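Here the structure is laid out as structure tokens; the discussion comes afterwards.
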């Protein structure tokens, strides 16, 4: 049976994940500066990541505070003694309000990462048959966030002030069980839908197996986010009376932020390692493979996107070599 995480454990994991996230976030901006040859030419997804990282940082701070307070989730055997102590009631009200705020930061961090990646996918798939799937995914993610927020605010616990009431009239205002189920379903299904966007381009391309495998590995990093989300809710449901969810909130959001930033580091990796040869044909020297389109868009002179993969080419059902491209975005995803 999982136990409540200690303040030291919360702080240690927060520092580790935040430091890794900050390092990758800084490398993302450095990679964009290399790609754009300027620190001032950030793109929409970069600004979204700035806002997302602020929510992520706020979440970690709130989780540290939350670890110092109890909440309105009270065992029946403890209720009488707690209600007899005004100080305990006041502390539990504060703790419950922190949970409400941290939950919002948790949601906005996860959906902020989705917004960053979908902005990237939107431009990658311009003028391709898969652009419709991106639009559908954007609509699904937006509506899912709206559904979660409306359900949380209006349906599961009413009035809203019951989320920090001591004692609560509705157990869902303290346990969040139904809310967690709804949030989990929308979160995981939207992540899986996003994973379906880039993989068909690569799987059906004419790339050598090694390069295709490398690109599939890059795009499949989102599976780690899905795994973290599943484990988060598993431990939440397995131990509803303990605060192990706080550790898994740190791990899930940290993994999500890191993966979103790792996917934009190719220009920096190429500059540091000199892997430009990976992108070039031995006979020509032009950047025409899918790796050039996806990982080195503007240096390739072809823009950013998967248009070439979706264009009519020989073999593989019309998926040919990449000579043209979509529009310029991030260095990689």
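Each residue, glycine too, has its Cβ placed from N, Cα and C.
Because TrEMBL annotations are produced automatically, they should be read as predictions rather than curated entries.
The shown structure was predicted, so the numbers you read here are calculated from the model rather than taken from an experiment.
Straight from TrEMBL, the features:
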{"type": "DOMAIN", "residues": "28-270", "note": "domain 'Rhodopsin'"}
{"type": "TRANSMEM", "residues": "15-35", "note": "transmembrane segment"}
{"type": "TRANSMEM", "residues": "47-67", "note": "transmembrane segment"}
{"type": "TRANSMEM", "residues": "136-156", "note": "transmembrane segment"}
{"type": "TRANSMEM", "residues": "176-203", "note": "transmembrane segment"}
{"type": "TRANSMEM", "residues": "215-235", "note": "transmembrane segment"}
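Ranked by number of Cβ pairs under 8 Å to the transmembrane segment (15-35), the listed stretches 47-67, 136-156, 176-203, 215-235 are led by 47-67. Between the transmembrane segment (136-156) and the stretches 47-67, 176-203, 215-235, Cβ pairs under 8 Å are most numerous for 176-203. Under the criterion of 3 or more C-beta pairs below 8 Å, with sequence separation of 6 or more, the transmembrane segment (176-203) and the transmembrane segment (215-235) qualify as touching. Model confidence over the domain 'Rhodopsin' (28-270) stands at 87, taken as the mean pLDDT rounded to a whole number.
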